[in-house]
Every structure is written in structure tokens, then in C-alpha cells.
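Asker: My structure is below; once you've seen it, I'll send some questions.
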């Protein structure tokens, strides 16, 4: 017996205001801003797209969260204190679990004849039992991201499945904690997708091209807005319709965490004491931050 398709509704709309971040970079931030501070398990969403020569995100630490970087256009070099390095190309994903501690640098590739770097970074809180695990990566090349076609390969709708499941297609990424992440493309005005979402999960979308309507309501939501969806027990997913040709958005859902959040910059723990311990470990170069005072990336431009 098929399950009725009942769409969630929009309960909050937040415009992603542009702000300075990193070294000379500009991002549009919605989650993590004053207007949308708490949306468990999500801590931050940045849309970076204004990164000039020499700008980027040089050496910085993390503890207690996963950072998910997804490139839409251009490329990003990355390097960390564990010896990992490489390039994230357009369409590629880096799912980094910071765990107990890592220091890394992310520097967009900028130059004549090179596409402008555009992408997203999402911070996902780790369940408390995973806060101090060893750091790890799950990377997907552009070709490694599976794609779902709800109306067939020639249809107007496609879904790049960064994590989770969509229309019979499943990503190989296995996050620590429930998190589904989709890049939805709606080529034609009037194109529609219904995406199933697990019950009780926090769900939002960020529109970065075009406009959309949700469910049966006529309201149109514009580009650069994050829309947060309701969580009625009878709703089985989200229905999204393009109001313009060439509409694109990211649709993300996650299992809420029943735990407090204490955050000091890139350190995200469950108590004030745990954050203080993270600062002590970082300053003393211990417990995950052994290279805090001796490691400098090649790409970050901070070497003597």
C-alpha cells in the first residue's frame, strides 16, 4: 500500500545576508546568523561565491562537528594537520568529521580563465557520543555523486544525492548522525519534486537560483533565502515547484539532537567545561591538537 504524499509547509524564511569570513572572503550566511541561530543538528550554512585573489579560509581548528563542503563551480584546495591534501572540484563533496580535533585550510582557486569558486559549507553537530572520535573524511568526486531522475534522465528534474536517499538512489556517504543532503535542479517553470523525509527530522532548503513554491500555497520564495519546514507527524516529505526556469536549491534534513550546544567559534561541545577543555587542548597542543603550534599549511599563506 502506497503512503500518501503530504507536504510539510514553510514555518520560517531567512534571507542570507552577505558578511566577511575567513581571509578576505565574503559569504552569505543563514543558519548560524542572528536570525536563525539554532536549527538542530545544523550549526551553520555559508554560501561562498565572492572570493578574490588571495582570499579564502587559511589554517583554523575544529572540534565536535562535521563540516560539509560542496562545490557548485570552480575548485577549492584543502590541506590539514594530519597530512591530507587535495583539490575539491565543481560537483565534488568533502564530508569532514572533525571529531576530537583537526586543523585545516581551505583556499579557493582563483585566476584568469578559472571559473569563480562557488559553493556551500554546512556545519553539522555531532551526537555527543561521537564528539571525540578520531577525525575522518568521506570525499566524493564530481562523478562519484549519484544522481536521481524522478521523471527519467530526459525529464526536467534531477537530484544530486550528496547523502541520504532520493527516488531510489542512495549516496555512499555515511554520516555520524542522520543527515540527508540533496542538490535539486528544476529546469522548467512548473517542474515539481516530492522528496520523502524521515518523520521528525529538521528540514530546510536554501534557494540559490530562481524561485520556488512549497506544497499547495502560492507564495514564492526567492533566491538567497533559507526556508525552514514544518514537522507535522502526518507530513511525509516536501513538495517543491519551480516558479522560474533554471531553479536550483539545496534541500537538507537531519535527525534532531537532544543535547545542549556550547559553541566557541570552531569548537562545538555540549558543556561550557568541554569548550574550555578544547581551548586548553588547542593552546597546549594536546589531545587532537598536537600540531597546533608547529603545523602550517602550504596553501594558507601563513608560513614564514
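Here the Cβ of each residue, glycine as well, is placed from N, Cα and C on the backbone.
For reference, TrEMBL lists these features for the protein:
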BINDING   60, 62, 104, 106  Fe cation binding site
DOMAIN    25-124  domain 'Pirin N-terminal'
DOMAIN    182-287  domain 'Pirin C-terminal'
Asker: For Fe cation, what surrounds 60, 62, 104, 106 with a Cβ no more than 8 Å from their Cβ centroid?
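Answerer: Everything else in range on the chain: 57, 59, 61, 67, 80, 102, 103, 105, 266.
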Asker: Calculate the per-residue pLDDT averaged over the domain 'Pirin N-terminal' (25-124) and state the result as an integer.
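Answerer: Average per-residue pLDDT within the domain 'Pirin N-terminal' (25-124): 91.
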Asker: In the structure shown, which of the binding-site residues 60, 62, 104 has the fewest Cβ neighbours within 10 Å?
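Answerer: Counting other Cβ atoms within 10 Å of each of the binding-site residues 60, 62, 104, the minimum falls on 60.
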Asker: From the DSSP assignment alone, can you count helix, strand and coil residues within the domain 'Pirin C-terminal' (182-287)?
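Answerer: Split by secondary structure, the domain 'Pirin C-terminal' (182-287) comes out as 13 helix, 47 strand, 46 coil.
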Asker: Tell me the residue counts in helix, strand and coil for the domain 'Pirin N-terminal' (25-124), as DSSP assigns them.
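Answerer: Once the DSSP states are binned, the domain 'Pirin N-terminal' (25-124) shows 0 helix, 69 strand, 31 coil.
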Asker: Within 10 Å of the Cβ of residue 106 (Fe cation binding site), how many other Cβ atoms can you find? Include all protein chains, please.
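Answerer: Neighbour count, Cβ to Cβ under the 10 Å cut-off: 27.
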